[in-house]
Amino acid sequence: MAERANLFFHNKVIDGTAIKRIISRFIDHFGMAYTSHILDQVKTLGFHQATATSISLGIDDLLTIPSKGWLVQDAEQQSLILEKHHHYGNVHAIEKLRQSIEIWYATSEYLRQEMNPNFRMTEPFNPVHIMSFSGARGNASQVHQLVGMRGLMSDPQGQMIDLPIQSNLREGLSLTEYIISCYGARKGVVDTAVRTSDAGYLTRRLVEVVQHIVVRRTDCGTTRGISVSSRNGMIPERIFIQTLIGRVLADNIYMGLRCIATRNQDIGIGLVNRFITFRTQPISIRTPFTCRSTSWICRLCYGRSPTHGDLVELGEAVGIIAGQSIGEPGTQLTLRTFHTGGVFTGGTAEHVRAPSNGKIKFNKGLVHPTRTRHGHPAFLCSMDLYVTIESQDIIHNVTIPPKSFLLVQNDQYVESEQVIAEIRSGTYTLNFTERVRKHIYSDSEGEMHWSTDVYHASEFTYSNVHLLPKTSHLWILSGGSCRSSIVPFSLHKDQDQINVHSLSVERGYISNPSVNNDKVKHKFFSSYLSSKSKKKSRILDYSDLNRMICTGFIYPTILHENSDLLAKRRKNRFIIPFQSIQEKELMSHSDILIEIPINGIFRRNSIFAYFDDPQYRRKSSGITKYVAIGVHSIVKKEDLVEYRGVKEFQPKYQMKVDRFFFIPEEVYILPESSSLMVRNNSIIGVDTQITLNTKSRVGGLIRIERKKKKMELKIFSGDIHFPRATDKISRYSGILIPPGTVKTNSKESKKVKNWIYVQRITPTKKKSFVLVRPVLIYERGDGINLERLFPPDLLQEKENLKLRIVNYILYGNGKPIQGISNTSIQLVRTCLVLNWNQDKKSSSIEEARVYFVEVSINGLIRDFLRIHLGKSRISYISRKRNDPSGLGLISDNGPDRTNINPFYSIYSKTRIPQSLKQNQGTISISTLLNRNMECQSLIILSSSNCFRMDPSNGVKSYNVIKESTKRDPIIPIRNLLGPLGTALQIANFYSFYHLLTHNQISVIKYLKLDNLKLKQTSKVLKYYLMDENGRIVNHDPYSNNVLNPFKLNWYFLHHNYHHNYCEETFTIINLGQFICENVCMTKNGPRLKSGQVLIVHADSVILRLAKPYLATPGATVHGHYGEILYEGDTLVTFIYEKSRSGDITQGLPKVEQVLEVRSIDSISINLEKRVENWNECITRIVGIPWGFLIGAELTIVQSRISLVNKIQKVYRSQGVQIHNRHIEIIVRQITSKVLVSEDGMSNVFSPGELIGLLRAERAMRALEEAICYRTVFLGITRASLSTQSFISEASFQETARVLAKAALRGRIDWLKGLKENVVLGGMIPVGTGFKGLAHRSSQHKIIPFKTKKKNLFEGEMRDILFHHRELFDSCISKNFYNISEQSFIGFNDS
């Protein structure tokens, strides 16, 4: 018994771990028997005290934490600020989500930490406190839910629900919180049931793998070890101690020249403390990995037995102990999830706080600016950064580790405890994260713009997926798109005037043709379909683009204002009406469409005009088929070469098609929600109700196809035949049958008179039948003579220009054509190709310039198109901007950047009254704004889309017209329809006066109000429209621009005379500029909304509302620049790392994944950096002769270590301590097999055979030849099925297969393991049954190992490894593995 002087007197509360330590001390001091006596007394004392205290639990014992109120309030305040930043476009959705999760997680953690001190101060003998903090019942997180806050919950997939439960269970939950809480509770119940069985099965498999591992030797004689170093403080001291205690040293440990520990000495607590104090060299220890026994283990490699603290006894079944010690905690932990189920546990980053008030200084050269993952600006330091904080009397030095974010600027004043840096926490992120795609959807409809370049990958030239190279904003410029229920097309191009009867603003039908129909005979609109093609990406091919819809009920008129040829940006197309007087043929409903490039310059062989012949026009949908001549539809993407915006023909595609066929079918496109009154594959007659408000126009067979958000209903007219089974009609696509073919039916046979189209249809569960459909035949002619329409200039000297006619089919062979109700489909287009004789000598005449000449005779104005050949690179002098008479052209080097339009439409003053005379009908002017011809649609700017800013009063409501008392009386403006000469009036504007420009033209208007004729004067309002480059376009005093406040809703930044704009701020407002919300524009800083500047006046600014969305590099943008998006369309896709819930139910599958060696989906993010760090060391290693050998060995060792660390990490996160050696025994079994390669020694092992690693090495030594093999990780199930004992395998899985194979191969089972003996009823070779198998280890050492040849590797290799040992220790310990929680690194062979 020890002396009294060495005993300690403890006077403090002790928990479980402290008791463990005391017991181990007792055993050291007093031995086993006496210790058990002491512990018996402690147990009795505990029972007595518990009986005397008799803890009871009531609801009043749950004391809530007083500081909870303001903590939650603070978190809500932070969330609110975050929401604002997101709204202003400073952070994007992911950063917002991340930060809000961390805000609430931190709040919840603070509350949890407050709990213990709160109980201690207010009521130390509180039963809840006593039970949970002594560890007797419950743990901190459970009590935290009762008295703190329940916090963030995870759904059944382990994903986080970002709405926190702020109440605790004592206060009670609101309805929403209760529903969210049920998620977690259900998860708890399910996990308890399901995962417990999983944990049990895991235990069974683990025991199966290692059941034969028994301690059968004292020393295997290995010289290898694994080095553990506590240097640099990489490994936490606690883990370092756990790793070393109970192990055996593989090498002597020296302190200077003095040896402080010898080889094969086991390490106790005293020795570890000496290692820590002396900070010795890396300590080499023996582990099960290094044991040289093939199918068992030796005492020294295993180390101390955890039961009695001495070296493990011979014959102990350490394998089964290892399997159970890993499997059992899983079972326990899954049971525990029942209570805390679903509560989210994650990690937050560590912060560095300032030690005192003062000014902070650091080296600017070592940091570069970046964004944190919450979207805050910060500096990233790539190496250790030394920061000094100078207060009045003292200078503090703080070191910030590499890869951290510095959140303050140089020379900034910081306060004490202010967060100055955030350390990137590498520990928790690796284990519980996953890569997730997050789509951001548009909140409103409008036009998309972005403020940066985007990458177009070469293969995606035509697609709408773009990668962002840098952080930028996407803007959605608001505007209601007009989706008409009849024709979803844009009637006019960008920046047009709109005259009589365009689309009504509601999403309705095309408004009635004019009331005064006697004067206005017809109106013609030609347009291009907004193709929402079947491909999701909305990529248009040109055939869709060039297809025209000529509406059946709107005809061209020969009124002159209709042939004002206005220049359009992007694709300039002009309508020249056919005079029906000239052409008496079928040409009254058609027109020629001239397409002029943006810069007004034609190249040779380019398409000059289109004409759509009415005889090739169909009202219904259908399919085109050609006769089988090798023919191409000309309009393919790659066939049309765009040369500087000009479409050119390639002559090789001008082949003749004699005839083609059109198979008609009726197509109805219905919304997804519509209720059908007919069934699929049924036959209906004419005028059958299809839906509530649709009737069929033809009879026939119905086919219904459901697509995304819509249904397609097709009606095929024709006869139905039921063929015999032998009929070989193509199952999928139909076939054309020419006249005269005999069609055999089961009852009759008849000759086909016309062409028919036969299509086989197989309804589900019914007999298939054949549908015979009628076919329309079109013969191809040369089209009409378009050249007559463009007579050449008589004064021309040489006849140089030629116009050539080409016909082509607009649709591909067999391509379904979908028409829209009440519109016609053009099947063949006639094309006019411009050509001229190239002068062989001079290469400069390459291009023809086109412009319009307008001649006015007696008030009649005619437009002529003039084409002349010009030498390229000659710029013409432009006329002045306001000169109405001059005509000018611009040079071709930058047509898109200039603000003078080459086709400037000249309004002469005589025409305005004339047009007033001709159109005295009701007129509605609607707004069109579309800059993107590829995706046609219209946008109407209405009251919700623009706003006005008044510096004095801020934003006011527009519902009331306020009388304004300014110096000039305001003429009231009514929102009514008026004749063409006036602008559209503006309703609900209270102080609109300052929008009026200096030329105020008073117009007499007749307004019908309550059947009274009022004479009233109104002011004509004038607007400017800017183009993309910020230039003002279309500033003509008489034009009515497209931006009219129709339903009146834009936002005006109105200037009051009392407040002048700041000179500096005003100068920076440009047209087209994007302004974020809350930018200070005036001295008193009004609250702006975000938008694009449309109109700038001296005293007010009008913005078009726009919403910014932030996108960071690597995000994918969907859609094209200028495309019109609807609410709910996908804008951006982010890929980000999301942390998952860290409870054991997420952890157990991870353990299983590691042990079954399944591939992990995502590679760690830091992989590249790790490899970079390694490169330096690798070059030094590869330089030596045996580098490859070392590399192979290192790979095996390192992969084993990382497997151990991964498993440990999961258990440590749950507070479970498992000794490394248990995991090592299992990992050793997984990694101890190798696969013999093809080119190996085939006379010993067959290629593809699995053999033990040690066995392979022995075979090599015996044969003195190299065997090529690859290391494999087997996984515990496969390892169980590839042992040496077939009885053990058969009792695990696949009994019949294993036994049959063993019988065929004649396998012998030596009954070495435990399981085989249990199955056969023999004595198991462990414990007392082990004695007969004991080895004479002394004899093993005496016999010398003789070889015929001297092994060349032996001496040199030892020296190399010895020489480079320091190198390994340094480079591996620094760089190889994510060091945070690892226990040991590297290896050496001495």
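Cβ atoms are placed via backbone N, Cα and C, with glycine included.
Features as listed in Swiss-Prot:
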| type | residues | note |
| --- | --- | --- |
| BINDING | Cys220, Cys291, Cys298, Cys301 | Zn(2+) binding site |
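According to DSSP, Cys298 (Zn(2+) binding site) is assigned to a strand segment.
Each residue in Arg217, Asp219, Thr222, Arg286, Pro288, Thr290, Arg292, Ser293, Ile297, Arg299, Leu300, Tyr302 lies on the same chain as Cys220, Cys291, Cys298, Cys301 and has a C-beta within 8 Å of the C-beta centroid of that Zn(2+) site, without being one of the site residues. Neighbour counts of Cβ atoms within 10 Å were compared for the binding-site residues Cys298, Cys301, and the top value is held by Cys301. Long-range Cβ contacts of Cys291 (Zn(2+) binding site) within its own chain (separation 6+, distance under 8 Å): Cys220, Thr222, Ile297, Cys298, Cys301, Tyr302, Arg1228. Cys220 (Zn(2+) binding site) has a Cβ environment of 20 other Cβ atoms inside 10 Å.
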